Amino acid sequence: MSDKFEEKIKNYRTAPFDARFPNTNQTRNCYQNYLDFHRCNKALSAKNQDPAPCEWYHRVYKSLCPISWVQKWDDQLESGSFAGRI
Amino acid sequence: MAHQAHAYHMVDPSPWPLTGAVAALLMTSGLAIWMHFNSVTLMSLGLVLLLLTMYQWWRDIVREGTFQGHHTPPVQKGLRYGMILFITSEVFFFLGFFWAFYHSSLAPTPELGGCWPPAGITTLDPFEVPLLNTAVLLASGVTVTWAHHSIMEGHRKQAIQSLTLTILLGFYFTILQALEYYEAPFTIADGVYGSTFFVATGFHGLHVIIGSTFLAVCLLRQVQYHFTSEHHFGFEAAAWYWHFVDVVWLFLYISIYWWGS
């Protein structure tokens, strides 16, 4: 399972089609992956496991999200005012 | 002596449409002045003119219908159409605010935390005062129907009692809602939740006050023997309006208070 994942990450070019977000408006796609990355990190760190699998979500949101959104949300996370549930 | 050969009402010239239009002008421009120059004079003047217009115009209609007999069956039919069309326009008015509510709540944005109610909003418990409010308005719908039947059956005292009870229930709703507003843990400025909640429920409350006033006028007229068991359209119009207000509340309760909590 790990090798396939490493391969996927190595061959990553951009975010693949996600059937959960089929329409033109991809806001939710970006937001969901941002959330999932942080939730994944939190969950795996809590169990003292390697957070490497979370890298997928990281790649996806980096591909999809406007940089200003990511900066804004990162700032909010730091200041504790992020509205989403991590 | 010439007299009309038809059953319709050719209304005598009246200044009230003009004063009403002037009032609308003063209120709207007064609103702009208030927003930009911090003065409520113009708007208040418009409001006073509006109140005077409403009082005198409707007083004249009562004179024409009840005292002068101009409200023949075809005329009354026209008045019915008019009231129905007006209420329909109000339905569309509220539809807009429901649209706004559902637009924001069905697809909550990341700014809200992607959820509804938004992150940080403590909603009101729908099974506390809002449920009581629902019961109060439903009961008032029953009492207004009781009043209608009393009028139709010529039971003067019961009509007065049931109409009074209806108005009291309307006041009770208004007071309860005012207290809720005062105690609410969120304000109109609290994001789109606050906006949709207070604009929708606020306009509804205004309509409750308007409806209660309309019913109160009917009570005064009933006491003064204006209504007959066959002809009491003013009361019917008030009752229709009151039922409309009740139905709007039911939609508000289900959508915003219950589903939206």
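Using the three backbone atoms N, Cα and C, a Cβ is placed for every residue, glycine included.
Worth saying up front: this structure is predicted, and the values here are computed from it rather than measured.
Quick look at what TrEMBL annotates:
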- B:4-261: domain 'Heme-copper oxidase subunit III family profile' (DOMAIN)
- B:16-34: transmembrane segment (TRANSMEM)
- B:40-58: transmembrane segment (TRANSMEM)
- B:79-102: transmembrane segment (TRANSMEM)
- B:129-147: transmembrane segment (TRANSMEM)
- B:159-179: transmembrane segment (TRANSMEM)
- B:191-220: transmembrane segment (TRANSMEM)
- B:240-260: transmembrane segment (TRANSMEM)
Paired segments the transmembrane segment (B:191-220) and the transmembrane segment (B:79-102) in contact, 3+ CB pairs under 8 A: yes
The transmembrane segment (B:129-147) vs the transmembrane segment (B:159-179): 3 or more CB pairs under 8 Å: yes
Distant-in-sequence neighbours of the transmembrane segment (B:40-58), which means Cβ under 8 A and at least six residues beyond its ends: 14, 16-17, 19-20, 22-31, 33-34, 217
